[in-house]
Each structure stands twice: as structure tokens, then as C-alpha cells.
Amino acid sequence: MIRDQETMNVLLDNVARFVRDRLVPNEERVAETDEIPADIVDDMKALGLFGLTIPEQYGGLDLTMEEEVLVMFEMGKTSPAFRSIFGTTVGIGSQGIVIDGTEEQKAKWLPKLASGDTLASFALTEPECGSDAAALKTRAVRDGDHYVVNGTKRFITNAPQAGIFTLMARTNPDEPRAAGISAFIVDANTPGISFGKRDRKMGQKGAHTCDVIFENCRVPAENVIGGKEGVGFKTAMKVLDKGRIHIAAICVGVAQRMLDDALRYAMERKQFGQPIGEFQLIQAMLADSQTELYAARCMVLDAARKRDNGENVSTEASCAKLFASEMCGRVADRAVQIHGGAGYMSEYGIERFYRDVRIFRIYEGTSQIQQILIARNMMRAAAR
Ligand code: COS
């Protein structure tokens, strides 16, 4: 749902200009230094990027899902690490509070997130629990008006910079699966939190992940999201339904960028006396990529509109994430192939995208988890 087309056009123009003029020229620098320059983060704050999805009354832009994916289609046209620095705050880090938080929790935390003064991270994954999220072991034991948290969270995006964590921990040890899990807002400065060393990753230099270790960390009981124990897994799943549409939109944006680069190269690069784009085998790769990209864009927009209509989009979110992330991987592969030897060389940038996009098929639920979710939802619907 687009609330006001004119305002939306201004926002999309601003984001497109920012991507073209500020981010694209800094892609290599970020890849080399593994840091996003502070002045770029300041510009992102000024543009309102940290508050895209936060309700207006708390200082955000309160974008609908359709508006959000349109912004992500633009944001995707540069290194995905740029999206990552604000992506956890507008996405999985904040949405637990937005969707299930109490009024007091929203008023206390959301304004700081919307301005970008505080970054939010999502702490679900653990060393022994990735796809099987309901098996998490981090414990939160009630002690007076606090909970004492112990456990380790793994591969947590933006953890080194985070001001708060949306933490999923087990409050009921007698409930070994989802019903024993609660969601918490945890201030990153709470004593008892320490960080592992920064992970060395295949791609997305500039986007940082690490372990977050909780040792007798005392979290106020008032920080249980929604004030209710035992529903934290559901909060996490609702957050991921939305997050998966967001990631699918980014996949569309990055695939568009890679295809634009491949098309330009195919029209410039000459072999056998003519631009390689004149050869039908190159054309097939361009056409297949364009077709799949179009399909993914349509799916993402449809899932977003359905969510805006208040429909349950668990299946659509998984379909969009599955198709768009796999499409993005295929487009990356073809873009490298069209570039030939140059595609393998760092200075052309396309090999960097090839590495950067590999994670899209893994995080916020692997392709295999999306397949399981889709099939399960189909069978449940058929049984009803
Ligand atoms: N919205 C609201 N509630 C949901 C939900 C959703 N999208 N999905 C599940 N739930 C509820 C279920 O209804 C169930 O509640 P009831 O017992 O009251 O009916 C509860 O949550 C448990 O759900 P389920 O039984 O489906 O849990 P499972 O352990 O079988 O599996 C999967 C859940 C595999 C889908 C889940 O663990 C998952 O998404 N794993 C991937 C995790 C992930 O994406 N990690 C990435 C880390 S973040 S970068």
C-alpha cells in the first residue's frame, strides 16, 4: 500500500541519488577497510534510513511493507553491507518491539532506534541452534524484578555496534521447545555481556557479526517484550515473516545492479569483431536473468501488499525469500560468466557481489527452511 505517491517518489529519488552518488563510489573502500565510514552513517541517519519502519509517533517514517520494499529495491543497487548497517535496526532488531511491545517499551526504545542513535540487533541463533530455532538453550531465570541471562548467541549482525538486542531466551526449562521461549529487550551496556572476536566472512565486508556472550546478565523484568513470558518464539517468527520480505526485496535490488553491470559489459566488450551482447548465448543469460528478476519483483510486491492488507503472509514471505535469493545467486553467477576473466578479478567488482549475495540463501532462514515452511503451510491449509 502506497499512502502518498508524491511523498514516496521524493523518498525513492533521494535514496536512488544517495546510492548513486554516495554509496557506489565508496564500495571498494568499504570492501578494503571492512568499515562503513562514519560520515556515510551520519548521512543515512539524516535521510531517515534508520527509522523507515518505526511508527511516526516515535520519530520514524512508518513505511508500509510495499513502501519498504520499494526503498529496498533502490538500496539493493549497491554493496549489501550498506543496507546491513541500518537493516537490523529497521528490520529484525526493532520489529519485535513494534509488533508485540508494550506502549511503554515502544515509547522508551523506538525513538532512539528511529534516529539511528541506537542500533538494534536480533539475537536468536546459537552455536547449537540455527535452523532449529525452537531448540535454543540460552536461559533467562527470574530473580525478583530481573531475569538472569546465561548463554551464547552466534553470528549476530551488527552486534559490535548494537545499543540493544532483541534476545530470545528460554524462561521455562520444562518446555523444551517454542512455548518455553520469551523475547527480551536487552541494553547492550548491561554488565555480563561480552563479545566474541569479529567473524571473518566470505563477503559483505563492512557488515560485522560476532558472538554475544551473556554471563549472569541481569535484565529488568519490564523488558520482556509485550510483558508476557512464553510467546517470544512467536514474536521471532512474526519478525522473520516481515524480515524475509525485506531480504527478498534487497535480493531484487542487488540482482538488478549485477544485471545492469553485466548488460553494460556485454554491450561494450568486443570479441570476434562484435560486442559479446550480439551473441545469442550471452543474450540467453541476460534474458533469463531479466525474466527471473521480473518474477521476483512481482512476488515481493504481491507479498508486501498482502501483508499491508493484514493477511497472514507466512507462505508468501517464504516463497518470495526462497525465489528471490536463489534468483539473485543465479544472476550473480551469470553476471560473472558474462564478464568472463574480468568477472573473476576484484577490480571489476562483480566477484565481490557474487560473494556478497551468497548469504541471502542462508540467513533469515535457509532456502531449505523456506521450502519446509511453504510445504507445511500447504498441507495444513489442505487439512483444514
Ligand atoms: N507467526 C506467528 N506464530 C508462528 C509463526 C508465525 N510466522 N510460525 C510459527 N508460529 C507459532 C506456531 O503457531 C506455534 O505455536 P502453537 O504451538 O501455539 O501453535 C509455535 O510458533 C511453534 O511453531 P512451529 O511448531 O512451527 O515450530 P518448529 O520448531 O516446528 O519450526 C521453523 C519452526 C523451522 C519454521 C523455525 O524454527 C524457523 O523459522 N527456523 C529458521 C530460523 C531462522 O530463520 N533463523 C535465522 C536467524 S535470524 S538471521
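Don't overthink the numbers, they just go from 1 along the chain as shown.
The backbone N, Cα and C atoms fix where each Cβ goes, and this holds for glycine too.
Listed in TrEMBL for this protein:
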DOMAIN    9-117  domain 'Acyl-CoA dehydrogenase/oxidase N-terminal'
DOMAIN    121-217  domain 'Acyl-CoA oxidase/dehydrogenase middle'
DOMAIN    231-378  domain 'Acyl-CoA dehydrogenase/oxidase C-terminal'
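Shown for the domain 'Acyl-CoA dehydrogenase/oxidase N-terminal' (9-117): DSSP residue counts in helix, strand and coil, namely 82 helix, 0 strand, 27 coil. Helix first, then strand, then coil: DSSP counts for the domain 'Acyl-CoA oxidase/dehydrogenase middle' (121-217) stand at 9 helix, 48 strand, 40 coil.
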